[in-house]
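Below is one structure, written out as structure tokens; the observations come after it.
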Amino acid sequence: MNADDRALYGDITRKGLWENNTALVQLLGLCPLLAVSTSFVNAVSLSLATVLVMALSGGTVAALRTLIPHEIRIPVFILIIAALVTCLDLAFNAWLHDLYLVLGIFIPLIVTNCIVLARVEAFAAKNSPLAAAWDGAAMGVGLLWVLALLGSLRELVGAGTLFGGIDMVIPGAHALQVFGEHYRGLLIAILPPGAFIFLGLLVAARNAWVARAQARASRPPAAAVSA
Amino acid sequence: MSEAADRPDPAPAEPADAIEAPGAAGSALRSAALLGLFTLVFTALMALTQDATREPIRASVEARRLELIAQVLPRADYDNALLEDTVTLPVLPALGLSEPVTVHRARLGGAPVALVFEAQAPDGYSGAVRLLMALRADGTLAGVRVVAHKETPGLGDYIDPAKDRASPKWIAQFAGRDSADGARWTVRKDGGDFAYMTGATISARAVTRAAGRAAAALAPVRDTLFALPAGSSAEPAFR
């Protein structure tokens, strides 16, 4: 891997995880995101399935991009994504059944997530298969950390636990009772409005962070001028 | 790595399209043919995948079903092929389901052990609550499980043992109950025998009553149900 490639993949990673984060910046694909982020385990499960689908569809579309006529690219992209998700769903059900019981309901949901089509159209159609697969994975991981945080917050405030339902993934593991047995939970955090409230707080926190970083970056030259 | 070479590709095919404009009809036909080809290839891919996965999926669905049944009736209690030894019940109001219900008949060494079937409580706090129940040959319940519900998270969902934080689980109190005890099949608040959680009585009441109704409907005909040939309709038992 030469320096040029390293710069490209580093750039893709940084954009996926932070600068162009699907959940915090692009605000794309919020429908499954808000529905599923009621707990840490659900949120991470959906994101993992999304990482897989996005990497796979990005790579496939990029590999076929020279064969796809420009004017019919959208139907072909949708066809490819839907076919891949269907195959993935069947394959999980057949050969990874335990994992399927956890991720299964989320996989068909991914087809409805416009972020997959958005990345295929914006990136995979113009780049090499490897870079496109990497972009899909990076965007997916960007979704993963935000969803994990959102899921944890909602679960913590709503039920007073962390990692509830982990026994579905790791048999024998238990949820953490953070606020003790007697915490009744703030129900709204788990209900749909809670998703909007907590997502809004996360977006605000990111914006504040970025604004502060920019202010700090622009200050030293100004100081130099006045001195 | 050679990706660097084909990476900058900012304006895909657009200028080429403009030049091709005179042959628009030909280009449309070509696009249609390509779209058809893509559809064919990816449909074939899906068909092949479905074919390859059919058998493993059937096997895992069956294993999952047996696992679920094991929650209401221990596996050691029976030795027959539970998924094949079935009779089909007609639509009974007491079961709360609008479709015919399949009853699995568990036997040990040929002797009747229990009937395993689904029922539904129509009056949960937010919609129907679907139950899986096992009724022993002696008329007592082996167990009840909630298999699908929409009760409020953190409030009414304690009827589902996966969400129930109490110990022993709320749903465990069904094991060993006698189906003949008609009036006792409701929550204590209504004069019945069943515990419930304050503030979420409706969910518990719906499940207890539905389980009682279903048990009371099948218990009187259980000997007939065990005697019917496998795969038959249980219509005669209810004449």
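Note: Cβ is positioned from N, Cα and C throughout, glycine not excepted.
The list of residues near the transmembrane segment (B:28-48) in space but at least 6 beyond its ends in sequence, with Cβ under 8 angstroms from a Cβ of it, is empty. Residues or ranges marked as transmembrane segment by TrEMBL: B:28-48.
Annotation comment: TrEMBL describes B:124-218 as domain 'FMN-binding'.
If you draw a 10 Å sphere around the CB of B:Thr201 (FMN phosphoryl threonine), it holds 16 other CB atoms from the protein chains shown. What TrEMBL lists as FMN phosphoryl threonine is B:Thr201.
Confidence over the domain 'FMN-binding' (B:124-218), given as mean pLDDT on the 0 to 100 scale, stands at 88.
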